[in-house]
Amino acid sequence: MTKSSAVLFILIFSLIFKLEELRAALVLVVLLIAGGLFMFTYKSTQFNLEGFALVLGASFIGGIRWTLTQMLLQKAELGLQNPIDTMFHLQPLMFLGLFPLFAVFEGLHLSTSEKIFRFQDTGLLLRVLGSLFLGGILAFGLGFSEFLLVSRTSSLTLSIAGIFKEVCTLLLAAHLLGDQISLLNWLGFALCLSGISLHVALKALHSRGDGGPKPLKGLGSSPDLELLLRNSQQEEGDNEEEYFVAQGQQ
């Protein structure tokens, strides 16, 4: 329930940094999704003040993180439109931020484990390393897709996609684990899906409205292509000038 506030924080920071325009439809979408997710998870667990504060703080910081990431990805002069470039610069900082926590909470356990550093079975070690390698590939793919989505759309769209994933997770939990879903929960589920559907429809209408020819400066996400087009236009202008000069001499 508290995590549903993440989309509200992303909207607030997107408005503060002028990444989104304040529109009634956009506010309606966010309220439908956040309110629907709140109702869908109502009374699904016991309240814990410490957990509430941690999740609320995480939602707040997550809103700042993704809005700033959108600014980095969509600012042409920084040259970080490619998700690989963004990951190359950001992932080392993320690793340095997480490594102290890993060292404190898992470092001693991992260093004394017989599965890795004190291994006795080579087959077990290879299976563990293979699992870690597979997890790393999946994490890389997830990060790449997130940065790609933010660079092409917005941090708000990424948050809404994440909420759709959470709704699917809750439905699977109800189906596989036998969690009880009340009428209020189903009503929240309907509201949440309505907000997501409205957001998709607005995005489709917006992209259709922008389907006309764009000026050359709109190619900022592809500087090589922009330079190529400029050189091509310059060569065409030079050829036309030479043609008119030749006609004048005749």
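All positions are counted from 1 along the displayed chain.
Glycine too: its Cβ is placed from the backbone N, Cα and C atoms.
The domain 'Sugar phosphate transporter' annotation in TrEMBL covers 3-198.
Sequence annotations record features per position, and here TrEMBL assigns transmembrane segment to 21-40 (among others). Tertiary proximity for the transmembrane segment (21-40) is limited to same-chain residues at least six positions away from its ends with a CB under 8 Å from its CB atoms, namely 1, 3-5, 7-8, 11, 15, 156, 160, 163, 166-167, 170, 184-196, 198-199, 202.
According to TrEMBL, the transmembrane segment annotation covers 52-73 (among others). Sequence-distant contacts of the transmembrane segment (52-73) (same chain, six or more residues past either end, CB-CB distance under 8 Å): 2-3, 5-6, 8-10, 12-14, 16-17, 19, 80-81, 83, 86, 90, 147, 150-151, 154-155, 158-159.
According to TrEMBL, the transmembrane segment annotation covers 93-112 (among others).
Here the transmembrane segment (124-144) has long-range neighbours at 83-84, 87, 91, 115-116, meaning same-chain residues at least 6 beyond its ends whose C-beta is under 8 angstroms from one of its own. Among the features that TrEMBL reports, transmembrane segment is placed at 124-144 (among others).
Annotation comment: TrEMBL describes 156-177 (among others) as transmembrane segment.
TrEMBL lists 183-202 (among others) with the feature transmembrane segment. Sequence-remote contacts of a segment are chain residues at least 6 beyond its ends whose Cβ falls under 8 Å from one of its Cβ atoms, and for the transmembrane segment (183-202) they are 25-26, 28-33, 35-42, 44, 157, 160, 163-164, 167, 171.
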